[in-house]
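Report on the structure given below.
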Amino acid sequence: MAFEALFQPIKIGNQTIRNRVVSTAHAEVYATDGGMTTDRYVKYYEEKAKGGCGLCICGGSSVVSIDSPQAWWSSVNLSTDRIIPHFQNLADAVHKHGGKIMIQITHMGRRSRWDGFNWSTLLSPSGIREPVHRSTCKTIEEEEIWRIVGDFAQAARRAKEGGLDGVELSAVHQHLIDQFWSPRVNKRTDEWGGSFENRMRFGMEVLKAVRAEVGDDFVVGMRITGDEFHPDGLTHDDMKKIAAYYDATGMVDFFGVVGSGCDTHNTLANVIPNMSYPPEPFLHLAAGIKEVVSVPVIHAQNIKDPNQAQRILEGGYVDLVGMTRAHIADPHFIAKIKMGEVDQIKQCVGANYCIDRQYQGLDVLCIQNAATSREYMGVPHIIEKSEGPKRKVVVVGGGPGGMEAARVSAERGHDVTLFEAAEQLGGQITLAAKAPQRDQIAGITRWYQLELARLGVDQRLGTRADEATIVDLRPDIVILATGGQPFLSQVPEWGYAESRDESLVVSTWDILSGAVEPGKNVLIYDTICEFAGVSAADYLADKGAKVEIVTDDIKPGAAVGGTTFPTYYRSLYEKEVIMTSDLALHKVYREGDSLVAVLENEYTGAQEERVVDQVVVENGVRPDESLYYALKGQSRNKGQIDIEALYAIQPQPCLSESGEGYLLFRLGDCTAPRNTHAAIYDALRLCKDF
Amino acid sequence: MLDTLLPILFFSALALAAIGAVRRVRLWRQGRPSPVPLMRGLAAMPRRYLVDLHHVVARDKRMSNTHVATAGGFVLAALLAIVVHGFGLDSAVLAWALLAATTCMFVGSLFVAKRRRNPPPRLSKGPWMRLPKSLIAFSLGVFLVTLPTAGILPEDAGSWVLALVLTGVVAWGLGELFFGMTWGGPMKHAFAGALHLAFHRRPERFSDKQGGEGRSTGLKALRLEDPKAKLGVEKPADFTWNQLLGFDACVQCGRCEAMCPAFAAGQPLNPKKLIQDMVVGMAGGSDARYAGSPYPGKPVGEHAGEPHGPIVARQGTALVDAETLWSCTTCRACVEECPMMIEHVDAIVDMRRFLTLEHGNTPNKGAEVLDNLIATDNPGGFDPGSRMHWAADLNLPLMADKRDAEVLLWLGDGVFDMRNQRTLRALVSVLRAAQVDFAVLGNEERDSGDVARRLGDEATFQTLAKRNIATLGQYRFARIVTCDPHSFHVLKNEYGELGGNYEVFHHSTYLNDLLENGKLSLKAWKGGLVTYHDPCYLGRYNGEYEAPRSVLKALGIEVEEMARSGYRSRCCGGGGGAPITDIPGKQRIPDMRMNDVRETGAELVAVGCPQCTAMLEGVVAPRAEIKDIAELVADALVIDATAEQGTSQDEATGKARRTAEEMTP
Ligand SMILES: Cc1cc2nc3c(=O)[nH]c(=O)nc-3n(C[C@H](O)[C@H](O)[C@H](O)COP(=O)(O)O)c2cc1C
Ligand code: SF4
Ligand code: SF4
């Protein structure tokens, strides 16, 4: 049997897990009702269970005490009995499909924010400030320690009474337990710090109190780091010692192991490795822990593919694989393996849209799967075939919005033609994938290519559709997803001209697509601060150019998410790219063979100049509206989307009205520049009722 | 003059026939003993002929009428002619009767002749081409010589020349029909056929007087106790005498050939040729005179054998090549179709037994599969402790815990296959919905032995069977239900000889019972056109054609039947270990079967066998979807609203495809 190792059940404590695949704890940001597991929350996990996931550890960083604020990340609140009935719903929904569900419980200590909600005073062993959240804290007192130990026990009781299958104590990502462990943060000289035993004491008291409260017939696990990667932090050998120490109590039913510490931007990026990382970069750390403990070990970090998972399990490095983002991207991951539809798995590309939203306190969403966590609204993962009339659907533009529209329409059973002017699908994804370390983003396109081929969509690549071609097809529905063009004409002084020979500036697209040769001495002006600017900088530097990237914003790449800008910065600093903030591009002019860029300080108005041989401007996208206006007049709905229906995930009313001519909708950047998720979400919610 | 010539003619023909008959019987008696009740068999013979054999022949109405006229006419004419012309009994009544019989035979012969004008490729040519002429000669000749006896013509009508000519014609007819019958001519089939019916090795396959349908499809156990006994059939003489007799009954009609999936796929097997090779072998000689379609890819004339020589050569060629034997899927299409009730599959497995047990020569993956079965109790070599891994989340009740259950759910080796796990899960959810009291053996279950047995490894079969029987013997249950027709067949029909007797149901039958008793409520079918593929081991082996169809009907599905369905269903290619021995042909059997499906225009083919599912799903898209009956029922289940707390997304999207798989009601 294929994937045999994956489908071997395993016992954790008193629970049998049906396979070796775990969705590990992640802060979902869905427990919006004061930390209760809402309908959205339940449906999100039910979908994973229905999709075959063996074990879900939900509620990343769910709090046990009220001075570990839950509201910043809408995490689950286990500090009150009010949670118990909510847990019952959650447990039933997952158990109904044969899955198991546990919850991560924690006190985050200093790793939070104090400036809101209860205005809590954060606590930490030695009152040392945490850099990632810029959070200051007090030094914890003995009375508080015992209160929190008791809170852990009560939280575990609530999980058990709510019918969950276990709890995972977070001693990772620099939460309170591992704040006590780490000499980097614990400078105490009393019995809670200093010696190994003393640093272990808090965690041990928590473990003992929890076990005493829940008894033997409830799973209690621990998530730990495998190495903090800080010279003054916990090393792999320290962690082996710690794991063995707790394992020896016989009170721990499993260990989860994560590579890297987490209290700087740079280490945090390791924790949820983005697409720049190799597969399973920290497996060896988990394997090291497995050597010293007697209970199952779970490891997650860039395990995305069933074959990879099978290989890891077969190798015996760990007992269970966490495939967390893999399940955010496709909750039917296991079911598809079992259906022999491995090719249909939507594989996580490591874009980290999910986690980068989470760090901003926004609900976790997948860049490429707009149904994830919207199950409760009726946004489907599996598109039902329509029982209504078969329609002729013409989609123009093969970027993410167009590809999703074509896919969903074809799944509905319609006759779909997709036009794409370029020779390949992907739109801006194709450009994004050209940057160093960003090639994996093309996985989004690859999945669509397979799906569209499977669904028999008529793909007209290298074909620019005009009004006549479209009308000739006698479509019932026309969807425009034609994107736009780099917006270089906004400031006339930049000297942009249509003709490349005359234009003083080029776009990041010109650079990434290879349409323009990289210069030797390049200034990139990036007022957007998202991926395109830093990608172009990385690309040019990679080709040997001297690069300065300038922005009028706080810092280049400032709008790139928290787990992704560090990997850009690593690469940019290593290639000696100069990053300059607070300067706007005022004007570009030619002087002999060179270009002079005049930069103006945002705050003083002072001007300075750079003499370079290439000026690249990143100023976002200007929608391409010409085709839309050519088609709008003849369309039945005058190109309008009923936004009430759209937001309510209801069919567009015009679909059920009859009349001459076609319906016209536009999606994605050809309306207004937004992002990949926005384009895909609009396409899905619009087309799912065609 | 005729008065003198005819008796001489008749009695010498009879005498020669008698000598021939003795010689022929001697050939059969080279075979091993096989105890059958001789007298009772002879007594049953006419019924077996008139009812059972004609049941098969009558599938071709035209041919059956032809045969009734010709054969009936001949038997009557021969008897009367011996009396009238042999003994010279001068009775006008008998003479008139003889005229009538010969007329009847003559008319039949004309139809035989007509069929031979443009014979389908399945029919053998050679001597068979002259048979209609001989029939005409006999009937016409005897008719004419009887005219004077009947008083229609004067005794001395015509000249001596005419008398001589007539004598010649009658002699020709007698030569073919009396002499040829026992000396190896086409008419041998009547002689051997009649005795074959009487002494058939499987008397249970004939219907009884009460109208009970006869059936006997389980392989016969090999007696392994005697260490000196040869295992299986090495030489023609190793067959039982009545098997040899059976081979001799072959009319070379090629109905088997026309139905054989391996032949159609261009694999080197033709059941008709195989039977003829056995006929050649029992007398000794080469196949050069065989006048039908060869084994695909193997020219006629290169093989020869003798009664006490090996059928399959260890090196070079003998009577038959091993790959011919390994091409068979044991689908029984040939046996089902054979008007002479010949048992091809028994013969093939007998010969395979020798190759596997005495030579250890099972081709391709065969040896590995058998080793796996011995070491791990399953053909895939999976850890026997992992049998229940697929159901880790289902909490299936174990017989070891319950000890007593209404239904013992036999899972089969499909537990190791992800595709079949979906079927099993569906079946479990249906049984639960119907609140059936069931339990499984879990890790105590072993492979049923089906594959081992069809691959000729009788020893492994018997070991597995005995161990399963011992396990089953520990528990109390009313019946066994399984979704695997191979396990079904073996448990139902082949364990008995080893002491295991159970009431066994294929899941389609059981589900049909549940439906008829109102134990399940189903949503109406909303999908497209559906066809149904009869698994060989359910249909031809066990005669269950109705239950699956009536389950589909209950689902609101109107089955669009394939041209070949029911007892004529074309095998999927998966039986008899054929995918394991994997003998190459020109095309693949499942591809042909999916073409049959395609011709119906169906979007979905309902099946009832893990093996069929696997084979048909192996056909490249675009092709119809393949679903087990259990899956279709599970998808349509209306689950009691009280049992399901909260509306789950699967209901909301209506897509039960993945739901049924993962659902644990
Ligand atoms: C959105 C998001 C939030 C996360 N929050 C937590 C958390 O609160 N606690 C935790 O231990 N791990 C958290 N993680 C880390 C995951 O458990 C997991 O270790 C990580 O995603 C790597 O596994 P993967 O490559 O399979 O996604 C989070 C991950 C993501 C994507
Ligand atoms: S059992 Fe099937 S495959 Fe074998 S010879 Fe007969 S018809 Fe052919
Ligand atoms: S074996 Fe039977 S079906 Fe085949 S040719 Fe002979 S008589 Fe006909």
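A Cβ is built for glycine as well, from the same backbone N, Cα and C atoms used for every other residue.
TrEMBL entries are annotated by machine, without manual review.
Residues annotated as compositional bias 'Basic and acidic residues' in TrEMBL: B:652-665.
The domain '4Fe-4S ferredoxin-type' annotation in TrEMBL covers B:241-271 (among others). Packing against the domain '4Fe-4S ferredoxin-type' (B:241-271) from elsewhere in the chain are residues 24, 27-34, 36, 120-124, 128, 186, 188-189, 192-193, 195-196, 199-201, 278-279, 282, 292-298, 321, 323-325, 327-329, 331, 333-344, 346-347, 350, 568, 570-571, 573, 578, 583-589, 592-593: each is 6 or more residues past its ends and has a CB under 8 Å from a CB in it.
When pLDDT values are averaged over the domain '4Fe-4S ferredoxin-type' (B:316-347), the model yields 96. Among the features that TrEMBL reports, domain '4Fe-4S ferredoxin-type' is placed at B:316-347 (among others).
Here TrEMBL flags B:645-665 as region 'Disordered'.
Annotation comment: TrEMBL describes B:6-22 (among others) as transmembrane segment.
Look at TrEMBL and you will find B:68-87 (among others) tagged as transmembrane segment.
The list of residues near the transmembrane segment (B:93-113) in space but at least 6 beyond its ends in sequence, with Cβ under 8 angstroms from a Cβ of it, reads 62, 65-74, 76-77, 80-81, 83-84, 131-133, 135-136, 138-140, 142-143, 146-147, 149-151. The transmembrane segment feature in TrEMBL is assigned to B:93-113 (among others).
The transmembrane segment annotation in TrEMBL covers B:134-153 (among others). Long-range neighbours of the transmembrane segment (B:134-153) within the same chain, counting only residues 6 or more positions beyond its ends whose Cβ lies under 8 Å from a Cβ of the stretch, are 2, 6, 70, 73-74, 77, 81, 84-85, 90, 92, 95-96, 98-99, 102-103, 105-106, 108-110, 112-113, 166-167, 169-170, 172-177, 180.
Beyond the transmembrane segment (B:159-179), the same-chain residues lying 6 or more positions past its ends with a Cβ under 8 Å from any Cβ of the stretch are 1-2, 5-6, 9-10, 13-14, 16-17, 20, 74, 78, 130-131, 134-135, 137-142, 144-145, 185-187. What TrEMBL lists as transmembrane segment is B:159-179 (among others).
Counted with DSSP, the domain '4Fe-4S ferredoxin-type' (B:316-347) comes out as 14 helix, 0 strand, 18 coil. If you look at the transmembrane segment (B:68-87), the same-chain residues 6 or more away from its ends with a CB under 8 A from one of its CBs are 6-7, 10-11, 14, 54, 94-95, 97-98, 101-109, 111-112, 135, 138-139, 142, 145-146, 149, 177-178, 190. DSSP states for the domain '4Fe-4S ferredoxin-type' (B:241-271), grouped as helix (H, G, I), strand (E, B) and coil, give 18 helix, 0 strand, 13 coil.
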